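Chemist: Could you have a look at this structure, given as C-alpha cells, before my questions?
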Amino acid sequence: MSHDSDDKTYPYQKDDAELRRRLTPMQYEVTQHAATERAFTGEYTDTEDAGIYKCVVCSTPLFESGAKFHSGCGWPSYFKPLNGEVIDEKIDRSHGMVRVEVRCNHCGAHLGHVFEDGPRDQTGLRYCINSAALNFESRPENE
C-alpha cells in the first residue's frame, strides 16, 4: 500500500529526495510505502525508558512511554496516542485483510495499524507501530 494515490493533503509537505537522503531505507519504505519491519527486530520493541515517541519524518510527538505496553506482537504497542489530533486513521484493505492503518496526521507517514485487542483496563486498543517510523526522546519520569 503506497501513499502515492492518497488524496488527503497533510500540513507538512515532504520532499522525496530529502527523505531518501535523511531516512534509512527501512524508515523510508515503512513511512512512505507502508512497509512493515519484521516482528521483534525494531529498535523500540522492548524500550522501557520514560520519554516521547516522535514521527521519524516530521518529529511530531505521537506516543508517550506511559501508554506503551508489552503485547507480545513483536512491535512497539501503545494503548493511546499522545492526543486525538496527532493520528490519522484510514481503512487498509491490503493483503486480503481489512485493518485500520495509522498515520502521522502532520505528514501522512505510515506508522502501523490499530487493533481492538489492547488492555481492557485502558482503552482496549493496541496501536501496533513500526519502530522504523519513530524516534525516541528520553525524558525523566516526572516531566
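For all residues, glycine too, the Cβ spot is worked out from N, Cα and C.
In case it's useful when we look at the structure, here is the feature table from Swiss-Prot:
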- 16-139: domain 'MsrB' (DOMAIN)
- CYS55, CYS58, CYS104, CYS107: Zn(2+) binding site (BINDING)
- CYS128: active site, nucleophile (ACT_SITE)
Chemist: Whole-number Å only: compute the distance from the Cα of CYS107 (Zn(2+) binding site) to the Cα of the residue listed as 'active site, nucleophile'.
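Modeler: Distance between the two Cα atoms comes out at 19 Å.
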Chemist: Please name the residue among the recorded positions CYS55, CYS58, CYS104, CYS107, CYS128 whose C-beta has the most neighbouring C-beta atoms within 10 angstroms.
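Modeler: Most Cβ neighbours within 10 Å: CYS104.
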Chemist: Write down the Cα-Cα distance for CYS55 (Zn(2+) binding site) and CYS128 (active site, nucleophile), rounded and given in Å.
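Modeler: Counting only the Cα atoms, the answer is 14 Å.
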Chemist: Considering every residue in the domain 'MsrB' (16-139), what is the mean pLDDT value?
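Modeler: Averaging the confidence scores along the domain 'MsrB' (16-139) gives 96.
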Chemist: Give me the sequence-ordered set of same-chain residues, not including CYS55, CYS58, CYS104, CYS107, with a C-beta within 8 angstroms of the centroid of the Zn(2+) site's C-beta atoms.
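Modeler: Leaving out the recorded residues gives TYR10, TYR12, THR31, VAL56, VAL57, SER59, THR60, ASN105, HIS106, GLY108, ALA109.
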Chemist: Quick check on the domain 'MsrB' (16-139): DSSP residue counts for helix, strand, coil, in that order please.
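Modeler: For the domain 'MsrB' (16-139), the helix, strand and coil counts are 25 helix, 40 strand, 59 coil.
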